[in-house]
Every structure is written in structure tokens, then in C-alpha cells.
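Among the features that Swiss-Prot reports, disulfide bond is placed at C111-C188. The N-linked glycosylation site annotation in Swiss-Prot covers N3, N16, N201 and is backed by sequence analysis. The N6-(retinylidene)lysine annotation in Swiss-Prot covers K297 and is backed by similarity to another entry. According to Swiss-Prot, the feature topological domain 'Extracellular' maps to 1-37, 101-114, 178-203, 278-285, an assignment based on sequence analysis. Here Swiss-Prot flags 63-74, 135-153, 232-253, 311-345 as topological domain 'Cytoplasmic', drawing on sequence analysis. The feature transmembrane segment is assigned by Swiss-Prot to 38-62, 75-100, 115-134, 154-177, 204-231, 254-277, 286-310, with sequence analysis given as support.
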Amino acid sequence: MENGTEGKNFYIPMNNRTGLVRSPYEYPQYYLADPWQFKLLGIYMFFLILTGFPINALTLVVTAQNKKLRQPLNFILVNLAVAGLIMVCFGFTVCIYSCMVGYFSLGPLGCTIEGFMATLGGQVSLWSLVVLAIERYIVVCKPMGSFKFTATHSAAGCAFTWIMASSCAVPPLVGWSRYIPEGIQVSCGPDYYTLAPGFNNESFVMYMFSCHFCVPVFTIFFTYGSLVMTVKAAAAQQQDSASTQKAEKEVTRMCFLMVLGFLLAWVPYASYAAWIFFNRGAAFSAMSMAIPSFFSKSSALFNPIIYILLNKQFRNCMLATIGMGGMVEDETSVSTSKTEVSTAA
């Protein structure tokens, strides 16, 4: 390609007329970015591990320890924490090492494994947010009447996230697209960059962008938008109720944070990947792709902060577990927490 160099199982966004391009599996890629930039990204990933792992792991611990957290509407939050742990353990650790040495030293097979696990975890996380939005929409807006969520419904929602995630992460393993190093060549993802014969990258990227980005975006905007409208309508009917007005503001704030968190994680990465795909051959720097790629990994940290730590019931249990606070046992607080779980937590 005019502005890049395609090799076996890799694509470097630099023309080899420079004579600098080397395999990202064998040589440091310091011609793509300064060594300190590699180290800085490695430090950033280390920060995500130090913060993301404890929060996600603690979510599983407190759920196992506290029966009151093991209610159907919380299943998807546990699923979200599992997705975060997959990203941290199987993606971030490998990425840190690659940043420190300056290239993806684990080879094509390691790249495929890392790319698959990172994509799987990221997609489970993404679809968990979709299922969570739908659950809240059903509970608050009641499009199905007085529908009662059971453990079976919630388990089906969790299973759905893994099915959808697998439908995105598995195809590159079996020849529909492939996993290659991206950005500064220290982490791996689907091939948005090349028209490599036999991989049908064009159809895969279009499928991934439409089904695994546009559909979730539309669903989340529709459900949370409907939720806010419903709560505002209820608040308008009870203008004299201070508690109702406060609840309306809280729900609006939480919905805003949820949508904002989703957009910050996925829009930069998906948009830039789409631009690369639809402007194939156009010049772009490795770092310009690395930044949105690395930023999307932040979802392993701020998703549990938004969806779990801001949930009073989970937060109280976590504080009690680490010895920094007691559970709020009075009936009013528990009732408030349960309402938060089903509406705006």
C-alpha cells in the first residue's frame, strides 16, 4: 500500500521506502513512536490493572458474600465485572509487556490469542451495557406491563452477551478477517487495514460496525432516552414531591453518565477504525490509532465505577468487605438501594 507496509500477519502504517519497517513480531517498533511513548502507554495499562482488577474482582467477592446482592437484576453487573477481568488479565498484562519491549514479541499465535480475548471481553462488556439498558427500560417504562424479572430472564440476558461477543470475536479465528497488531504494534485487534486475500475483511468490518456498534448505540440511546422521558413525566405529575424530583434528577444524571461512558469508550475507536477502512491507503500515524484503541480499554475501569460503585447497595457491601464502612441496614436505605438497582443504579 502507498502509505503503509503489509507483511505476513501484520500491517505497518509506514511505507517501507524509508527502509525502517520491520516485523512487529521480531523487532522494536521505535520508528513508529519514541521509546518513552511506549513506556507511557505501558504505565497507563499498569494503572488500569491496579484499579480495574480490584474493582471488578471485589464485585464478584461481595456478590458471593452478600445474598441480598444475588438478585436477578444484578446478574448483568456481575457479568460486566467478569468481562472487565477478562480484559485486564488476558489483554492488559500482555500489552504492558509489549510496551516495555517495544514490539509484540509473542508472535502471530500470541497476537491471535490476545486479540481474541481482548475482543471477547470488550464485546461482553459492550453487550452487557445493552442488556442492562434494556432491563432498566422494561422495569421502568413497563412496555410489557407488570413484567417480573426472574433469574431465568437475567441468565438469558447474560448468555445473550456471550453469544453476541462470540459472534464478533470468533470469526477472525476461523478465517473471516484475522487478528493483527494495531497502532504502535503492541496490542492486537481485527484487521481493519488490509484487503488480504482470503480473509474477506471488507464484509467483516461492515458486519462488525453495523451489528456490534451501530445496533448497541441505537439501543442504548433509545432505552435510556425513553427511561428519562418516563421518569420526567412521573415527576411532572408529582411536582410537590421533593423525593420524586430528586429521584428524577438522579436518574437523569445516571443515564447521562452511562451514555457518556459508553460513547467515550467506543466512539473514538470505532470511528477511527471505520475511517481507516473506508479511506484505505490514506496516511495515518500509528499513534493516532493507538490512542483510541488504548482509551477503549479504559472501559474496564470506568464501567464498574459508573454501574457498580455508584450503586449504593454494591458500594456499601464493598466498603464493609474492605473494612472501610458498615452496611446501611435500616429499611429505608435498603429500599432505596433496591430501587436504584432496578432503575438508575
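Every residue gets a Cβ built from N, Cα and C, even glycine.
The transmembrane segment (38-62) makes contact with the transmembrane segment (286-310), as judged by at least three Cβ pairs under 8 Å among residues 6 or more apart in sequence. Only residues 6 or more beyond the boundaries of the transmembrane segment (154-177), in the same chain, are considered here, and those with a CB under 8 A from a CB of the stretch are 72-73, 75-76, 79, 83, 112, 115-116, 119-121, 123-124, 126-128, 130-131, 134-135, 190-191, 198-201, 203-205, 208, 211-212. Under 8 Å, Cβ to Cβ, and six or more positions away along its own chain, K297 (N6-(retinylidene)lysine) finds M45, L48, M87, G91, F92, C95, A118, G122. DSSP assigns C188 (disulfide bond) to a strand segment in the three-state reduction. Below 8 angstroms of C-beta separation, residues 123, 126-127, 129-130, 133-134, 136-137, 140-141, 164, 167-168, 171-172, 176-177, 190, 192, 247-248, 251-252, 255, 258-259, 262, 266, 270, 273-274, 277, 343 of the same chain, each at least six residues beyond the ends of the transmembrane segment (204-231), sit close to that stretch. Figure note: comparing Cβ neighbours within 10 Å for the disulfide-bonded residues C111, C188, the maximum is reached by C188. The transmembrane segment (115-134) shares the most Cβ pairs under 8 Å with 75-100, out of the stretches 75-100, 254-277, 286-310. N16 (N-linked glycosylation site) sits 9 Å from N3 (N-linked glycosylation site), counting Cα to Cα.
Figure note: comparing Cβ neighbours within 10 Å for the glycosylation sites N3, N16, N201, the maximum is reached by N201. Residue pair N201 (N-linked glycosylation site) / C188 (disulfide bond) shows a Cα separation of 15 Å. Sequence-remote contacts of a segment are chain residues at least 6 beyond its ends whose Cβ falls under 8 Å from one of its Cβ atoms, and for the topological domain 'Extracellular' (1-37) they are 101-108, 111, 178, 180-181, 184-186, 191, 193-194, 196, 280-287, 289-290. Straight-line distance linking the Cα atoms of N3 (N-linked glycosylation site) and C111 (disulfide bond), rounded to a whole number, equals 23 Å. Within the same chain, residues 1, 4, 6, 9-13, 24-25, 29, 32-33, 37-38, 41, 91, 94-95, 98-99, 102-104, 111-112, 114-116, 118-119, 172, 273-274, 276-277, 280, 286-287, 289-291, 293-294 sit at least 6 positions outside the topological domain 'Extracellular' (178-203) and bring their C-beta atoms closer than 8 Å to a C-beta of that stretch. Break the topological domain 'Extracellular' (1-37) down by DSSP state and the numbers are 6 helix, 6 strand, 25 coil. When pLDDT values are averaged over the topological domain 'Cytoplasmic' (311-345), the model yields 59.
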